[in-house]
Amino acid sequence: MCEVLSVTFYRAVFTEFLATSIYVFFGLGSVLRWPSALPTILQISITFNLAAATVVQIAWHVSGAHVNPAVTMAFLLGSHISLGRAACYMVAQLAGGIAGAATLYGVTPAEVQGSLGINTSLCHPFPQVRSNITSGQAVAVELILTFQLVLCYFASTDRHRNANSPAISIGISVALGHLIGIYFTGCSMNPARSFGPAVIVNKFTVHWIFWVGPMTGAILASVIYNDCHALPISPDLPVGWGLRLCPSPAPPPLPPAHSSTVPGSRV
């Protein structure tokens with residue numbers, strides 16, 4: 001827990017708050033129902049795509065750019081971050097979601113605010129794609145959407161395979177989820193994105209779906225990626241800190257070093 005005493009730790013936590021605020025503000029902004037230009041599925045998907053890519057580029061080198069409690073849960077279970085860091089990240093992300101939604105609500109005319117893009121499965125925010133899917137179907141959809149997103153996060157941020165910024169790939173994954181998910185649930189894949197506007201408009205109808213679905217999908221993705229790809233556990237965490245079915249074996253010890261100096265010779 002000594003990491004909580006460092007300035008870099010709190011800088012990372014604040015970055016998660018700021019990045020989530022930006023993501024929610026711009027993402028929900030694309031959902032607003034302006035009379036002269038109603039939102040389209042493609043417009044919303046591209047906006048969330050660009051918002052995700054932007055905040056990942058901003059936060060990746062500081063906090064890891066989770067910007068999503070489901071992603072943080074997945075990284076915790078994969079033993080990539082500590083429990084204390086994960087808890088602080090999640091609190092910051094939820095606070096950021098509220099801040100982003102509140103800012104958008106405050107600068108938007110009342111006649112345009114609507115439901116502020118809250119996620120619902122039984123009363124869809126987009127009339128042109130209204131659906132009557134069941135809560136169980138909605139959970140399954142959110143699970144699948146978040147599953148692919150978290151797999152993309154792991155693959156894109158894997159320091160053993162990729163040293164470049166994951167902004168583009170994660171943005172594409174977010175867009176992919178929205179292109180399909182909007183038809184079913186409005187597409188969350190992120191509890192903070194759903195929690196923020198729900199708090200501001202005080203509407204929590206079937207809100208639990210957007211916790212159960214994404215969190216379950218994230219857990220499955222963490223188990224599958226970390227076991228199938230056999231990523232080594234972070235050396236800073238004890239073995240067993242996260243959920244791993246088949247931990248990677250320890251690397252073999254290095255052979256003893258031999259001196260290259262010939263005995264009796266002068267340097």
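The backbone N, Cα and C atoms fix where each Cβ goes, and this holds for glycine too.
Noted in TrEMBL for the protein shown:
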type     : residues : note
TRANSMEM : 12-34    : transmembrane segment
TRANSMEM : 40-62    : transmembrane segment
TRANSMEM : 83-107   : transmembrane segment
TRANSMEM : 135-155  : transmembrane segment
TRANSMEM : 167-186  : transmembrane segment
TRANSMEM : 206-225  : transmembrane segment
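In this chain, the transmembrane segment (206-225) lies close to the transmembrane segment (135-155): three or more C-beta pairs between them fall below 8 angstroms, excluding pairs fewer than 6 positions apart. Here the transmembrane segment (135-155) has Cβ contacts under 8 Å with residues 66, 68, 70-71, 74, 78, 121-122, 161-162, 166, 169-170, 172-174, 176-177, 180-181, 184-185, 187-190, 206, 209-210, 212-218, 220-222, 224-226, 229, 231 of the same chain, all six or more residues outside its ends. For the transmembrane segment (167-186), same-chain residues at least 6 beyond its ends with a Cβ under 8 Å from one of its own Cβ atoms are 41-42, 44-46, 48-54, 56-57, 60, 65, 117-121, 124-126, 129, 131, 133, 137-138, 141-142, 145-146, 148-149, 152-153, 155-156, 209-210.
Counting only same-chain residues 6+ beyond the ends of the transmembrane segment (12-34), those with a CB under 8 A from a CB of the stretch are 43-44, 47-48, 50-52, 54-56, 58-59, 62-68, 85, 88-89, 92-93, 95-97, 99-101, 103-104, 108, 112-114, 116-117, 125-126, 192-193, 196-197.
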